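In what follows, a structure is listed as C-alpha cells, so that the remarks can point back to it.
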C-alpha cells in the first residue's frame, strides 16, 4: 500500500504526467491539497474527476495538519493519492506528511511523482534559474501585522548579484483574527495577492528600512502571472510583463478621466451617506484598486 504525492503541474487537469495519472487511477482514495496553490481553471475538481476517473476530496490545511492520521490509515490498507498543484515538494508543508507517513504506527511507503512548478516555469521570463538566490514568500499585511524579514533575503541576493523569486500570498479558508479570538468558526472569502499589492508591500518595507536595493525607478522586475495557462473564454492565460517597480505599479493607476469619475462618485456617495466613515471610503478605493488590477493583469 502506497501514499502517492503527485504533482499536477501549473495550469489545468491535463498537466498531470502519465505516470501521475496511472498512479491516481490505481488509488482508492484521492485528495487534492487546496491551500498552497490553485489550478487556473473553473470547476477544477469536476474536470479532474472526469479525466482521472476518481472522486476527489479537497484537503484543506486543517485536513493535513489535524487529520493526517486518517489519510495515513487509508494508505495502510489501499493506495492513496495526495495531489499538489505544481511540484509536491515545492512547498515545505508537504514534507511533514512524508515524515508522518514514515513514522506512522505502521510505516506507510511514500512515492513522489514530480511535475513542473513556478521554479521551473520562471525560465519563460528569459532569466536563468542558476542566477536566482533564496526564494521568498510575501504574505498579506494587516493593520497590526506587517512581517518583512523577506526584505533582507532580497538584499542578500542582490548583494551577490542574484535575482529573487517573490511568491505572492494565497488565502483559502482563512479565519479573521476577530473570529478566532471569539471562537467563531467562519471562513473569509478566498484572496489571492495581486501584482500591485505585492509591489506596494515591497516598496513600503524598503522605505521603512531605508534600503537602497529596491528603488521604484531603478529596480527591474518581471511579473509572471498564471504560468502555463492557456487563454479561455472567461479567464486569461499566461501573462509576463517586465519593467521597473514603478512602471509595473503604473499599469494599474487610474487615468485622469477615471480619477475624475471616482471623485464625482465619491462625492455623490458621501452626499447620499452622510454617516460614511473614512473606513467606508477606503473600502471603496480598495475595491476600485483591485478591479483595475484584475482588468489589467487578469484573475489570479
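Numbering starts at 1 and runs along the chain as it is shown here.
In case you wondered, yes, glycine gets a Cβ from its N, Cα and C as well.
For 3-157, the entry in TrEMBL reads domain 'Tetrapyrrole methylase'. Across the domain 'Tetrapyrrole methylase' (3-157), the prediction's mean pLDDT works out to 93.
Cβ neighbour count for residue 117 (S-adenosyl-L-methionine binding site) (all protein chains, 10 Å cutoff from its Cβ): 23. When secondary structure is read from DSSP and collapsed to three states, residue 117 (S-adenosyl-L-methionine binding site) falls in the coil class. Per TrEMBL, the feature S-adenosyl-L-methionine binding site maps to 10, 87, 117, 118.
Under the heading region 'Disordered', TrEMBL lists 256-284.
Other than the site residues 10, 87, 117, 118, same-chain residues with C-beta atoms no more than 8 angstroms from the centre of those residues' C-beta atoms, the S-adenosyl-L-methionine site, are 7, 9, 37, 85, 86, 90, 115, 116, 119, 120, 121, 227. Note on the region 'Disordered' (256-284): DSSP counts are 24 helix, 0 strand, 5 coil. The DSSP secondary structure for residue 87 (S-adenosyl-L-methionine binding site) is coil.
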